[in-house]
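As annotated by TrEMBL, disulfide bond applies to Cys214-Cys276, Cys222-Cys240, Cys228-Cys232, Cys472-Cys479. According to TrEMBL, the domain 'GT23' annotation covers 216-500. For 509-570, the entry in TrEMBL reads domain 'SH3'. The motif 'SH3-binding' annotation in TrEMBL covers 306-312.
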Amino acid sequence: MNLRSSNKILAQAAIILFFFWVIALILLTRPLLNNQQSEVSNDVLQRLSKAVSELESLKVRNQELQWILTNFSHEAQSGKINENVVERLRSTLEDKIRVPISFGGLEKKLTDGPSNEYEVKRRAIYRGVQEIWYFVQQELEKLKKKGHDQNAPELASLIQEILNSGKEHEIVLLNDLQELSSMEGHDAWRTTESRALSDLVQRRLHYLQNPVDCSKARKLVCNLNKSCGYGCQIHHAAYCFIMAYATKRTLILNSKKWRYHRGGWEKVFLPLSDTCTDPSGLDRSNWPGTNETQVIELPIVDMLSPRPPFLPLAIPRDLSDRMIRLHGDPQVWWIGQFMKYLLRYQPETQKMLDQAKEKMNFKMPVVGVHVRRTDKVGTEAAFHSIDEYMLFVADFFNKLEMKEKVPVRRVYLASDDPSVLPEAKKKYPDYEFLGDVSIAKGAAVATRYTDSSLRGILVDIHMLAHSDHLVCTFSSQVCRLAYEIMQTLHPDASSKFKSLDDIYYYGGQGPHQQTAIYSHKGHRTGEISMEVGDVLGIAGNHWDGYSKGINERTKQSGLYPSFKAVDKYNIVDFPVYSEVAVAA
């Protein structure tokens, strides 16, 4: 709420107060006027006594109103006004003065929340501040290196001072933008809208998975037998679930002899259905089948043909406006909703995670760090030292300490390399590291498919997802899975990460495209040119102010300034599930 709106409310309350003050004066003076020609009688004294009593009562009410309005004014000036505060003020005033009060639809305006344009622009400015700092930092680091190479230590030292000061400026700007986003009751709206939108999707999934008559239901059978690690297999199950939602078929997850638990999916997570787990039907076909085919078997995404339009990173048209308004990366939010339904823990699993959390004293604030090594390094990902991760951990806590005192810099460290945790504890004694070396040992390729390894990976992903910030490599399925789950725990966690390599992607996804919002003339080696409206196939962000991709109009491939393009969402017609009410 802006100051003008709060002042208007205060003026309304003052008018109400003045109105009742006038009534009190009339009550006080009327008996005196009627009896001015006669002596003061007992009746007049009684009326006078009553009027004085009423005046004292009014004085008390006046003090109460002043206290209410003063506190309301303070909240208005601090930007903490939301619909709950307005409702509290209104109900308190009504209780005190016994008259219905309306603030002219102000409550509704607050409930409506910020506009789509406001939310999109606010997030764009936040990313823009980050991108300009990536660029400036990278260029200054190059100059500093030249200073060292040319034996000019004073120049290198000066550049380092500029880097330190520039980083502080970035932190303050980002903190200010976050505070701005919480003003005028917008945080309350985001929380309410996030809960409502997620609830709608979850009810649709429950409806899909619990048909009235399983024997007649159309089904999609998915075999949980993909030869890959835990994160990859969970993403395979989520891909199957998205396909089921898009074709309006009940998902039957065949998990017998699952390599991570021989007892199957239901030994770790709740069943996907309470009413329909039988994969049989009148007729059966491999993908794609027809609309009339009752049971369709789905291959892994790598073998899917033909490829439908609703694969990630597609989002549903009927929910797209709400998703884009609410979330900085609606594509990840959408995938997170399927993870939310899939990964509902069995009570025993939840108990194990709660005990692990209590045992390690997992508390906020905490940064989750995932260091992927072993089979990934040298094939799918480059080696990154613990120092690279800790730079961004320090950034998070430095930013937080600009706003509040941080008694402990706490880090949850997960890795498949047992040497990483002891190394971090030794090199960074000012940090408190949470983690378990035995989990890292169990994550090794040779022991990956044991019960202890499963418990370890469940703990790691759970703690990473529940951290305040995530530092990792998006080339890792575990890292991306934790990030997807994180989206279900906040209205918008799209900026709560730092990837040391890739941008977010989903294995087997459709094209990830951006749209140029500013023209650019390539002037550096490796740069491409683009015009406003050009579609760019993005390959990655180099986190130095530039992204890499291909201009689909000119077919040029190379670098372009990251801030001059935005994501082009793939909005697709999914079923609208009219059988499920929008509001519960």
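Yeah, the Cβs are placed from backbone N, Cα and C, and that goes for glycine too.
Quick caveat, the model's predicted, so the values are computed rather than measured.
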Among Cys214, Cys222, Cys228, Cys232, Cys276, the disulfide-bonded residues in question, whose Cβ has the most other Cβ atoms within 10 Å in this structure?
Cys222
For the disulfide-bonded residues Cys240, Cys472, Cys479, the one whose C-beta sees the most other C-beta atoms within 10 angstroms:
Cys479
Taking the motif 'SH3-binding' (306-312) alone, what is its mean pLDDT?
97
Separation of alpha carbons, Cys472 (disulfide bond) and Cys228 (disulfide bond) (Å):
20
Alpha-carbon spacing, Cys472 (disulfide bond) to Cys232 (disulfide bond), which is rounded to whole Å:
16
Quick one: Cα separation, Cys276 (disulfide bond) versus Cys222 (disulfide bond), in Å?
14
Do you know offhand how many angstrom separate Cys232 (disulfide bond) and Cys479 (disulfide bond) by C-alpha?
11
Please report the Cα separation of Cys222 (disulfide bond) and Cys214 (disulfide bond) in Å, rounded to an integer.
16
Provide, as an integer number of angstrom, the distance between the C-alpha atoms of Cys479 (disulfide bond) and Cys240 (disulfide bond).
20
